[in-house]
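If you check TrEMBL, you get these features:
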type	residues	note
TRANSMEM	A:9-30	transmembrane segment
DOMAIN	A:94-299	domain 'ABC transmembrane type-1'
TRANSMEM	A:98-122	transmembrane segment
TRANSMEM	A:134-156	transmembrane segment
TRANSMEM	A:176-194	transmembrane segment
TRANSMEM	A:234-256	transmembrane segment
TRANSMEM	A:276-302	transmembrane segment
Amino acid sequence: MTKYIIKRFLGMIPTLLIITTVAFIIMRIAPGGPFDRERAIPEAVRENIEKRYNLDKSLPEQYLIYLGGIIRGDFGPSYKYRDQTVTDLIFNSLPHSLILGTLALLVATFFGVLAGIIAALNQNTWIDYTAMSIAVFGVSVPAFVIGPVLMLIFAMKLKILPTSGWITGPDGWVTVIMPLIALSMSYFASIARLSRSSVLEVVRSDYVRTAKAKGLSPTMIILKHVLKGAMLPVVSYLGIAYSGIITGSVVIEQIFRIPGLGRFFVQSSLNRDYTMIMGVIIVYSTIVILMNFLVDILYSFLDPRISYQ
Amino acid sequence: MKKAFLALLAALMAFAFVSCGGKEEAAEVAMVKEPVEFRLNNGAEPESLDPHLIQGVPEHRIYEALFEGLITYNPEDASPLPGVAESWEASNGGTTYTFKIREGLVWTDGVKIDANTVVDSWIRMLDPATGSNYAWFPNMFIKGAEAFNSGEAGADSVQIRALDDMTFQMDLLGPLPYVIGALAHYSFGIVPMHAIEKFGNDWTKPENFVGNGPYVLESWVPQDKITVVPNDKYWDAEAVKLDRVVYLPIEDQNTSHNMYLNGEIDWDTTAPQDQIEQIQFRDDYHATPQLGTYYYVFQNEKKPFDDPRVRKALSMGFNRKNLVEKITKAGQIPAYSMVPDMAGYPAISGNFEDFDEAKKLLAEAGYPGGEGFPAFEILYNTSEGHKKIAEYIQSEWKNNLGIDVSLLNQEWATYLSTRNMGDFQVARAGWIGDYQDPNTFLDMFITGTPMNGGKYSNPKYDELISKAATMPDGPERMSVLADAEKIFILEDMGVMPIYYYVTINMIDLNKWGGFNFNVLDTHPPKDIYLK
């Protein structure tokens, strides 16, 4: 087991290196550069700037310089935000995305699993239909619609929440409420549907029937047997969901003015902020790879049938 | 490498949960007696606070609070006002300017500002090692600047000097009469060399920051907000009335509009495009003509756009008034010339909409009724607004001239690269003047300049623009520039002007005073006060 974990862990390094290399190449194939503006600048001025950022060197050279920096933990200067390094920008913004993403996933998981179990245990009753209608709504209405609607209701009409902002600002933690709901909605819905169907499946399995036959109370059966078995698909979904929630918060961050990493995901590419694009890609890939890794490990604990040799 | 990342991520997670305080600030505000805080949507996170590295409107707004150059803008009409320079005079036929530096000026850290500060600052601006994007601007004025900036000569080639501690002098490339107004631009900014030497790239961080403007940097939370408070060492500190200005980088127009409606911001520098029709009737909605032109560039070297008759026909073949009233809607003004309305400049006029004349010109060029006109594309950068305009022009050309055109949108950086390389047939463009003189709209179409992606070239035009650059200020110079524009637009139709920009601001003028509207859309926070 330990051997497997170490092997999987080391396997992440080449994956990351390949992602970095491919991203570097694709990024540089794209036309335009970080210093292009509506006002085209004279050649001499452009050369000055490019020299300052090593952009006058050949591509392989630039690639090696960049890799060298990465190994030392230096993501380089941002071409767009010229007073800051990419490391600064990521270090300042990632925590906000992580807080929002983690909270959203916790909320989505808790309520999703709860709704799923309740719906499954009351299959084909009005409770089931209500829960699943909410889930269908959550899956089909995107966050960029839910966000402004929430803002309209709670900030503009009822005036009980500030329109936007973040916990670092004067309004504090109440600012989390709306982005949290908007971001977690679709994940809540997916998890609810997933847990409902897996609970339904597990309830009909042999070992649950055995448990019932032994005379265990329904609560005990659900907590000890059904839940554990039914959580497998949910757990494997959580890995993807967490990566998705972290990388997909860009719209929510923009609508609610959250100083997170999400907005750099798109903006840095549009700005051709080469070092920032690389930094964001590396951080996001690390999160995705890491989550997949954790899910695999967790799986083996949850399902005794899976063994890694 | 892997481990380093894990360690980094773990550290970030830990940091995330530690750094969630933020109540101190609210307590601090409550202790002061009713401080007047002015909050605005600055549109985007500033790329930098360093005057020599910036190049955009959000950065300019912050520059106006934190720094002051030799010259500043008059908030009423954006005309030049004395700043660090108390007075100035021209000599040598307008090619040399001598400035008297205001007595007793200091940086926020108490270090003295004198004529040498100006010299050192400008040399830093032009130094190739600084890598300034806007170096081309001083290069247009200062003798020897371009040689130094392009690495061909040393710093001593730049013709600026301190005659004594309080007297600064510069030599110009010619008698460029608009130079004084141009000096208010941030690329002529004065910077604290002593702080830059000490802190390097980190000098703009709040803990290291040194400035000389009416306000001083209090805090900077990237992507969240920048706050500035009055600088008590500023020479005109008494004039500063606001206790704090908060710059919020709000990118989402609907969010900023909602914040404005809810009273969370006092000044919104934009308004949601799709709600303009309702919003424009509000008293606090202000659309002001701006020194800017929206136009289409023709690829003058490629067939059929190498024929001025074709370019004229296309320009005459669509209705601009309908465009601004039904499509853009924010109060834009139909444009038939490149230079917007400007004091002292005799506006040119002609080549108005005329579908019959347009058809005639097309027929003369060999395309009667649009027959045989080669397929071509309108290139624009991806945006709903540009798309609507292009679609309108597309349908107008089809209906009025019988010409088929398709649309091509490219993402911003790709579009710029395509446009600058001249790899298009017709492309959308926009230009906002850098200073109040027709030259800022005209000199970019001289043969071979980097902005001239449409490859317009006419020796007569080049000659007139160069001639104007050597003439002293006055009606004669203006009429030479107007002659040049007549050739450029009326005769050659080198580009196709569409409309003059307006700027949109939302602010309650019953509450806030000292807020004026001008063609440069500049609103120095020094002058804003609570009524």
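Positions of Cβ are set from backbone N, Cα and C atoms, glycine also.
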Task: Non-local residues, at least 6 beyond the ends, that sit with Cβ under 8 Å of the transmembrane segment (A:9-30) - done: 59, 63, 66-67, 70, 269, 272, 274, 277-278, 281-282, 285-286, 289-290, 293
- [ ] Take a look at A:98-122, A:176-194, A:234-256, A:276-302 and tell me which one has the most Cβ pairs under 8 Å to the transmembrane segment (A:134-156).
- [x] A:176-194
Open item on the list: How about long-range neighbours of the transmembrane segment (A:98-122): same chain, 6 or more residues beyond its ends, C-beta under 8 Å?
Closed with: 128, 131-132, 134-135, 167, 176, 179-180, 183-185, 187-200, 203, 222, 226-227, 230-231, 234, 238, 241-242, 245-246, 249, 252-253, 258, 260
Task: Long-range neighbours of the transmembrane segment (A:276-302), counting only residues six or more past its ends (CB under 8 A) - done: 1, 5, 8-9, 12, 15-16, 19-20, 23-24, 27, 66, 70, 75-76, 78-81, 86-87, 89-90, 94, 228, 231-232, 235-236, 238-240, 242-243, 246-247, 261, 264-265, 268-269, 308
